[in-house]
Amino acid sequence: MTRKVGIIGAGHVGADTAFSLVTQGLCDVLVLIDKNESKATSQALELQDMASFSSSRTAVIANNYAALADADVVVMAIGPKTLLREDRLEELAETRAVVSDVTPKIMASGFNGVIINITNPCDVITQVIQKVSGLPHAQVFGTGTSLDTARMKRVVGEFFNLDPKSVNGYVMGEHGESQFVAWSTVNVGGCPVSQLAGESQADWQALESSVRGGGWAILQGKGWTSFGIATATAQLVDAVLSDAQSVYPIAAWDETQQVYIGQPAIIGGQGVVKRLQPVLATEEAAAYRASAEIIRGAFESN
């Protein structure tokens, strides 16, 4: 079976996602689409130039919405014109308009696969895509707190001098200012980090601030973020294509809160298989509800 993926947006994030997919051999056909058609064409050509260096072969197509008809996954990677915004919600008016224009073009092709959204503000835009596309909630999800969770693992790993891959747990809520580290879920080898810290007087609030501000620190230095989110997205695409049944912290639909919001969920061939609900501490549960309220307010604001 041919594994086919479309990426809408050939800027930094879209291009790096394409690079990750091609270099890892995760798809057989890749469709790159951008409003700047020459950019998408150039990105496709450069990816094709990699063919002789790669252990796999990926056919790359540029600027053809009709080619999405039989795609398994479409990644929405549209970015705003202005990147240096500390609060992702400031991008909403611009990105909502573009996504609302692009999504019908995807659906007009006959597409009935899974849409993975990167475009910020991630949670709100994911809901916009689902509403405009008419696809079931399970077939539309966002990268959510995937990257925030990776940042948390890095920060905690650095504090304890551990490999970040040995840190388990989740950042939940909005991919934005109202996110929170669900410390009750964070552990190393089954040992809660609070227990691991012992008498070291860990400043959990400072650690959480480092997680929340991680993206802004990168933006100030290089002007955009792309490596981390592209790698996270490639993993999510692979989880769908391989029907992995793996758990990732994504922006999934919460029926109770009526929003897409960052939480752990099982991902498989049809998208979100099951939303998981960790038992949160009282203050964490309150933070989750507060974050959902912010997302809901933003969605209803325009």
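Backbone N, Cα and C atoms are what each Cβ position is placed from, and that goes for glycine too.
Any TrEMBL annotation is an automated prediction that lacks curation.
Feature annotation from TrEMBL assigns active site, proton acceptor to HIS175. Per TrEMBL, NAD(+) binding site is recorded for GLY9, ALA10, GLY11, HIS12, VAL13, GLY14, ASP34, ILE118, THR119, ASN120. The domain 'Lactate/malate dehydrogenase N-terminal' feature in TrEMBL is assigned to 4-142. Taken from TrEMBL, the feature domain 'Lactate/malate dehydrogenase C-terminal' applies to 145-294.
Under the DSSP three-state reduction, GLY11 (NAD(+) binding site) is assigned to coil, being neither helix nor strand. In this structure the C-alpha atoms belonging to VAL13 (NAD(+) binding site) and the residue listed as 'active site, proton acceptor' are separated by 16 Å.
A straight line from the CA of GLY11 (NAD(+) binding site) to the CA of the residue listed as 'active site, proton acceptor' spans 20 Å. Across the structure, THR119 (NAD(+) binding site) and the residue listed as 'active site, proton acceptor' place their CA atoms 11 angstrom apart. Neighbour density for GLY9 (NAD(+) binding site): within 10 A of its CB lie 25 other CB atoms from the protein chains shown. Looking at GLY9 (NAD(+) binding site) and the residue listed as 'active site, proton acceptor', their Cα atoms lie 20 Å from each other. Secondary structure at THR119 (NAD(+) binding site), taken from DSSP and collapsed to helix, strand or coil, is coil. Of the recorded residues, ASP34 (NAD(+) binding site) and HIS175 (active site, proton acceptor) place their C-alpha atoms 24 Å from one another. Neighbours of THR119 (NAD(+) binding site), defined as other CB atoms within 10 A of its CB across all chains, total 29. Its Cβ taken as reference, VAL13 (NAD(+) binding site) is surrounded by 26 other Cβ atoms within 10 Å in the chains shown. The recorded positions under consideration are GLY11, ASP34, HIS175. Their Cβ neighbour counts within 10 Å are lowest for GLY11.
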